[in-house]
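Chemist: Sharing a structure, written as C-alpha cells. Questions coming.
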Amino acid sequence: MNKLICCALLSLGCLATPVALQADDNIATTRNYSLATDPEPPRMPNVINNDQKQARSYPMQPPTIPHKIDNYQVDINTNKCLSCHKRSRTGESQAPMVSVTHFMDRDGNFLAEISPRRYFCEQCHVVQTDAKVLVDSDFVDMYELIEKGR
C-alpha cells in the first residue's frame with residue numbers, strides 16, 4: 001500500500017514539473033524584468049577621487065577611502081595601502097597615519113607592526129562612489145540626535 005502511494009505521489013510530481021516550468025513569465029521581481037531575460041547590467045559607478053576626508057556620522061566609524069584603489073594589492077604578502085599610510089611613510093606621502101588602534105592585539109597590547117586583525121584594510125574602509133541612492137534612509141547623525149535632545 002505504501003509503495004502504491006509513493007508511486008502515485010511521484011507520478012503526480014513528475015506531471016506537475018512541466019507545468020511549473022511553463023509558469024507565467026509575469027512574476028514580480030525587485031529587478032523589474034523577467035527572470036528569463038538577461039538585461040544590460042548597470043554601469044559601474046565612478047569612484048569619488050578628490051582626496052578629501054569625509055565627515056563621520058558616529059564614533060569609531062572607520063574613515064572612508066577618498067581616492068581610487070583600483071589594482072591595489074592587499075593580500076597576505078603585500079599591502080599597497082601601507083606604502084603611504086604606514087607610520088614611517090606618512091611624512092613623505094602626507095597621508096594620514098594608520099590609527100594607533102591598528103597596532104593593538106585583541107588583548108589590548110601594543111605591537112611594533114600592524115596587528116594581523118587590522119591588516120586587510122578593505123574589511124572596514126571603503127571607497128565612495130557617485131552611485132544613485134537605491135533605498136531611502138532615515139539615518140540621523142548622532143550629533144543631530146544630541147542637539148534635538150537638548
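Cβ atoms here come from the backbone N, Cα and C positions, even for glycine.
What TrEMBL records for this protein is below:
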| type | residues | note |
| --- | --- | --- |
| SIGNAL | 1-22 | signal peptide |
| BINDING | His67, Cys81, Cys84, His85 | heme c 1 binding site |
| BINDING | His102, Cys121, Cys124, His125 | heme c 2 binding site |
Chemist: Which one is closest to Cys121 (heme c 2 binding site) in space, judged by CA to CA distance, out of the binding-site residues His67, Cys81, Cys84, His85?
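Modeler: For Cys121 (heme c 2 binding site), the spatially nearest of the binding-site residues is Cys81.
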Chemist: May I have the list of same-chain residues other than His67, Cys81, Cys84, His85 whose Cβ is within 8 Å of the Cβ centroid of the recorded heme c 1 site, in sequence order?
Modeler: Ile65, Lys80, Leu82, Ser83, Ser93, Ala95
Chemist: What same-chain residues, at least 6 away in sequence, bring their CB to under 8 Å of the CB of His85 (heme c 1 binding site)?
Modeler: Ser93, Ala95, Pro96, Met97, Val98
Chemist: Which of the listed binding-site residues (Cys81, Cys84, Cys121, Cys124) has the least company, meaning the fewest other Cβ atoms within 10 Å of its Cβ?
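Modeler: Among the binding-site residues Cys81, Cys84, Cys121, Cys124, the lowest count of other Cβ atoms within 10 Å belongs to Cys124.
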Chemist: What's the number of neighbouring CB atoms sitting within 10 A of the CB on His102 (heme c 2 binding site)?
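Modeler: The Cβ of His102 (heme c 2 binding site) has 18 Cβ neighbours within 10 Å.
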Chemist: Nearest to His67 (heme c 1 binding site) by Cα distance: which of the binding-site residues His102, Cys124, His125 is it?
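Modeler: Smallest Cα separation from His67 (heme c 1 binding site) among His102, Cys124, His125: His125.
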